[in-house]
Amino acid sequence: MSHYLLAIDQGTTSSRAIVFSAQGLPVASCQQEFKQYFPKDGWVEHDGEEIWLTTLQVCRDALARKGLRAADIAAIGITNQRETTLVWDAASGDLIHPAIVWQDRRTADYCAELKAAGHEANVSARTGLLIDPYFSATKLRWILDNVPGARQRAERGELRFGTVDCFLLWRLTGGRSHRTDATNASRTLLFNIHSQDWDEELLALFEIPRSLLPEVLDCAAEFGVSEPSLLGAAIPVLGMAGDQQAALIGQACFQPGMVKSTYGTGCFMIQNTGEQPVTSKNRLLTTVGYRLDGKVSYAVEGSIFVAGAAVQWLRDGIKLIDHAHESEALAIQAGDSNGVYLVPAFTGLGAPYWDPKARGAIFGLTRDTGIKEIVTAGLQSVCYQTRDLLEAMRQDGTPPSALRVDGGMVVNNWMMQFLTDILGVTVERPEVTETTALGVAYMAGLKAGFYRDLDDIASHWHLQRRFAAHMAEERRGELYAGWQNAVRRVRSEA
């Protein structure tokens with residue numbers, strides 16, 4: 001009997017595979033980093049073949065590490081960096097252009113034109129999103145208009161579009177399945193979150209032929225079956241969700257009002273709002289939290305473009321540290337950033353500012369400033385940006401009393417304590433922090449019969465540590481005011 005679930009977690013800087021038991025515990029994993037390419041200012045690309053090859057390799061290696069065969073795996077779940085856009089030949093499966101990553105800002109001018117023409121209100125009403133280079137539609141249009149012959153080939157039905165989940169599914173199934181799920185579709189700027197279908201008016205606005213687009217399924221569904229030659233036997237793909245929605249599921253945030261925040265390359269805070277979509281007055285996004293049996297649970301989301309990427313920049317860009325884990329020890333030594341603020345607007349600012357032309361800066365440098373203070377400011381910048389999102393949720397009338405956290409950065413205890421101090425709310429870290437992969441494993445397991453329902457899944461969530469705020473309210477206000485001043489100074493309209 002097949003006792004395990006294989007979760008593919010394809011991220012912005014690495015591909016991972018984690019094997020989970022039926023109890024939701026990781027039993028084997030493998031991870032491979034791959035390269036990001038920055039061909040021009042504000043452009044971010046991936047080699048789609050590297051995405052596929054690293055994904056396939058980590059799946060094979062994860063099974064090998066536990067001594068498992070494909071027959072031991074009941075189902076595969078796929079979770080992924082969202083919005084990243086790929087286009088490939090329908091016959092050969094060959095990509096026609098590098099993947100354009102969610103961080104890429106090349107379409108900022110086109111987005112500004114659409115806003116100036118008055119399209120944003122209609123687009124937002126249909127999709128829950130804002131017109132921004134972050135989302136897939138303008139990236140896809142750019143590929144069609146800038147790769148020779150691409151638009152003509154698309155109109156002839158010769159090309160396929162997909163976000164990373166869809167592309168991996170196509171490759172895993174040998175080109176037999178061109179499908180995505182409702183969470184990934186909801187991030188394209190082409191999907192109507194009310195009708196739960198591709199929106200013809202939006203396809204016309206962005207000039208996207210419908211033949212490019214995949215079929216949209218629930219998060220727990222029969223997506224396809226893997227090619228036997230890839231992993232040693234055919235395995236059904238039964239779960240799919242974008243990375244942040246997968247983390248919402250993995251954190252068992254199934255009740256309206258529950259909030260999770262994931263700290264990876266970026267930071268993403270999502271709050272479950274239940275069966276009705278809630279429109280934010282503070283430029284948060286309305287999105288699909290998950291869809292099961294055709295029934296949607298909606299969410300509001302705040303997206304921060306640079307979180308862990310700030311630490312990567314400190315390591316790789318200006319080489320202040322050799323390893324990311326050094327940041328915690330340096331912050332403990334420093335105790336405080338001593339008035340230094342790092343605003344990591346390397347590719348603009350996300351929610352609630354949505355300023356693609358903002359650029360990063362460091363403020364408050366003195367003769368006494370050293371590596372410790374700058375690294376500490378980098379960690380604090382992630383917490384301040386989380387406070388920006390929390391304030392937006394509060395102003396929308398949905399203040400969370402606790403925040404469930406996950407992702408690679410949450411092992412940093414110093415940062416978690418500063419986070420709870422600057423937010424003024426309890427921060428809860430679960431036993432299993434790889435909740436993105438866990439969430440999609442849950443979806444695959446739900447379809448495979450491992451779990452009865454969402455209550456059954458929620459019973460597997462366990463708290464590892466709760467962080468409580470100790471900072472005085474006056475000090476919290478002073479620090480956050482300094483951050484707000486720093487952000488004002490990097491805004492494009494400043």
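Placement of Cβ uses the backbone N, Cα and C atoms for every residue, glycine included.
Copied from Swiss-Prot, the annotated features are:
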type: BINDING; residues: Thr12, Arg82, Glu83, Tyr134, Asp243; note: sn-glycerol 3-phosphate binding site
type: BINDING; residues: Thr12, Thr13, Ser14, Thr265, Gly308, Gln312, Gly408; note: ATP binding site
type: BINDING; residues: Thr12, Arg16, Thr265, Gly308, Gly408, Asn412; note: ADP binding site
type: BINDING; residues: Arg82, Glu83, Tyr134, Asp243, Gln244; note: glycerol binding site
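Considering only the binding-site residues Arg82, Glu83, Asp243, Gln244, Asn412, Gln312 (ATP binding site) has Asn412 as its nearest partner by CA-CA distance. Of Thr265, Gly308, Asn412, all annotated as binding-site residues, the residue with the shortest Cα distance to Glu83 (sn-glycerol 3-phosphate binding site) is Thr265.
Of the recorded residues, Gly408 (ATP binding site) and Gln244 (glycerol binding site) place their C-alpha atoms 13 Å from one another. Comparing local CB density within 10 A for the binding-site residues Glu83, Asp243, the maximum falls on Asp243. Reduced to three states, the DSSP call for Asp243 (sn-glycerol 3-phosphate binding site) is helix. Other than the site residues Thr12, Arg82, Glu83, Tyr134, Asp243, same-chain residues with C-beta atoms no more than 8 angstroms from the centre of those residues' C-beta atoms, the sn-glycerol 3-phosphate site, are Asn80, Gln81, Thr84, Val101, Trp102, Arg187, Gly242, Gln244, Gly266. When the binding-site residues Arg16, Arg82 are scored by other C-beta atoms within 10 Å, Arg82 scores highest.
Considering other CB atoms within 10 Å as the measure, the emptiest surroundings among the binding-site residues Thr265, Gln312, Gly408 are those of Gln312. Over all protein chains present, the Cβ of Gly308 (ATP binding site) has 19 other Cβ atoms lying within 10 Å. Other residues of the chain with a Cβ within 8 Å of the Cβ centroid of Arg82, Glu83, Tyr134, Asp243, Gln244, the glycerol site, are Gln81, Thr84, Trp102, Arg187, Gly242, Phe268, Ser303. The Cα of Arg82 (sn-glycerol 3-phosphate binding site) lies closest to that of Gln244, out of the binding-site residues Arg16, Gln244, Thr265. Sequence-distant neighbours of Tyr134 (sn-glycerol 3-phosphate binding site) (same chain, 6+ apart, CB under 8 A from its CB) are Glu83, Trp102, Gln103, Ser303, Phe305, Gly350. In this structure, the CA atom of Gln244 (glycerol binding site) is 15 Å away from the CA atom of Gly308 (ATP binding site). For the pair Thr13 (ATP binding site) and Asp243 (sn-glycerol 3-phosphate binding site), the Cα-Cα distance reads 13 Å.
Measuring Cα to Cα from Thr265 (ATP binding site), the binding-site residues that fall within 10 Å are Thr12, out of Thr12, Arg16, Asp243, Asn412. Ranking the binding-site residues Thr12, Thr13, Ser14, Gln244, Asn412 by the number of CB atoms within 10 A of their own CB puts Gln244 at the top.
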